[in-house]
């Protein structure tokens, strides 16, 4: 039963960081701001979003790859060019929401795969009189929540794209579809469109994102798409200018996110977070606030380079059209970008300021509903005085002063919003820390219990009444505060959670905790945990940890005296393995020679092992690997994936699933070698470079290191095995890449299985590649160590303790400010630690199922181990 409690608690702890550090930024029941009372500088705005275009591709070698746009930048007198900074996660949905709503992504949207809006939000489209949009359905669907009134204002035309990974189709055809649709639409509706005002035309161009995933940025085929797209954008500009000759059209060209050289996005590298923008046309100021940065348009021409936060584009578009700023916007109107009267600029800034202040007031009203509010700290900036100052300046027609006051109010309102969003952050952090510490104490008590290995129930003892009453009393005080202050259920839950955990701790039956560790053992335990924590920030650290551990293991167990050959082979493997975390990340790194080497070693190993393999297994695997070589070759030549190759790849996967679950009379050693051969062959089909070589060396080293010391029967040995599981698990990730970028993947890994975009199938194959090394590691430990099977539950408890110590580190390292890379990575680290133990427990049970290992078979397992050695 304790395992169920542990799972439930860790699921709750998993959500703690979102309650502590991140709340949904969508504030409801807000009052929309009205349109500006003066004539706007632009009647219509055309928004081009080149999905996946990074700033480096735009500015590369004096804008070499965008010749038509380069010429246009030369021609227009008021064009502003610069870099827009995005936030993590750098994916399509968050980027487009930031651009069109001025809202950074709602973290709760991740539970719906970023496809649905958990809470509906306001956008530039909703504030406009009409919006016409063309592009991929995945993106337009985010903004297509239409009421009856919206149906007369929002017109969306989308396609459901099938992204081709084989490289045989032209990716720019996706953009061509949009350009053709817009051209036909303007030709058909030109007369009535000329009468419309406050209109947005949105062109979502997916081709570059597709080209980046398939071909990688900078490649010939990617540049082919870029050349076509930038030319198409200039033709669209000319078409709009010829259709609307009143000079009242504003244009915004930007991107939702960038892309790494590996063709991935989602994390926080500069290539992912820096996107270009080019804004020109009606209402743009040729010389806004001065900037020290410049870029070269050509050898003779240097232009100022401006910088924006991505969310600032939404209030800028609103101000150009004279519409109300979206209600949920968090962006501040870029200063000096609009070429209009002082009064208009002042009104636009006021609109933005009042929209932000409205969100602040909503949070303040919610906070003031509590009965204890007057006794609690308050935000100490006088928002009302700032509003009065703006009103006074406007009445006196001192628009410059009103403008200054509006920007002051914007910044103050944002600080106030952040203040009340994080009002209970420190109490929640303290409560969650207490929960971690209390649960670690429970695990230590459970570990010392004589029944830790076999019992499924909690055991309680009589404890002094004052201990129980103290915990209950603290819990009642916290509950009273939550009720009186009318706190949300989620905040109340995490404030109360430690009292429940500590009640279990004070009542749990155990021996004295002082008998568990010596000071030396405790320091070693903490040092090992901290080393693994540091590895998350520098994957090279895992090399040092792995080398020190293997040396300690071999010297401590006197391996040299037992077998010199085994000692030196193991040491050589360790020295080779520590090189891999020093290599480039395998995500997006292709090297066919290393890949073919991995396939060759997979085949060679099957002939070198002493345990005979089934002829059918050998024939099927060799056929699958030969087919894999063919797929890799055809992909490198852009020939596409043959249907027969696709069928063979899926058939091999199905074959593995069938043979691993069906009954078998093979010995445990034969079952293990069969599992290793089939899974390493399957793993090779997902590789792009050195991953197959790494995994083969890793499991070979593990096979030579795991012992079956049946005399060991103490807690330190359980901690040793739990650390081995953690070390090899993280090493299997860090050896080929960074675990923090687990959401990023190279589409080439599925080149033997798919040709078109299928998100759920792709995610299944990506996860399958990640878990194969974990399954092999757990299987080897269970097959070769009777101790690991006999003391399985105690090892799990030790594993939970290690993971919770590391998780407590990451709880304090979560960031919601600073660089977007730090924010995204800190969330990933904490989440990974909370699920690691649960994932390893699952894979231990899967390994036991595949290897047909049962606790009752302990004697047979011991005999098998003796035969192996």
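Positions of Cβ are set from backbone N, Cα and C atoms, glycine also.
Here is what TrEMBL records for this protein:
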DOMAIN    416-819  domain 'GPI ethanolamine phosphate transferase 1 C-terminal'
TRANSMEM  426-448  transmembrane segment
TRANSMEM  469-497  transmembrane segment
TRANSMEM  517-537  transmembrane segment
TRANSMEM  565-583  transmembrane segment
TRANSMEM  589-607  transmembrane segment
TRANSMEM  642-663  transmembrane segment
TRANSMEM  675-699  transmembrane segment
TRANSMEM  719-736  transmembrane segment
TRANSMEM  771-789  transmembrane segment
TRANSMEM  796-814  transmembrane segment
TRANSMEM  826-846  transmembrane segment
Cβ contacts the transmembrane segment (771-789)/the transmembrane segment (796-814), at least three under 8 Å, sequence gap 6 or more: no
Contact ranking winner - 469-497, 675-699, 796-814 against the transmembrane segment (565-583), Cβ under 8 Å: 675-699
Proximity verdict for the transmembrane segment (517-537) and the transmembrane segment (426-448), three or more C-beta pairs under 8 Å: no
Interface-richest range of 426-448, 469-497, 642-663, 675-699, 796-814 toward the transmembrane segment (719-736), CB pairs under 8 Å: 796-814
Same-chain residues at least 6 beyond the ends of the transmembrane segment (796-814) whose Cβ lies under 8 Å from its Cβ atoms: 3, 6, 13, 16-17, 20-21, 429, 432-433, 436-437, 439-440, 443-444, 446-447, 452, 525-526, 528-530, 532-533, 536, 715, 718-719, 721-723, 725-726, 826-827, 829-830, 833-834, 836-837, 840-841, 844
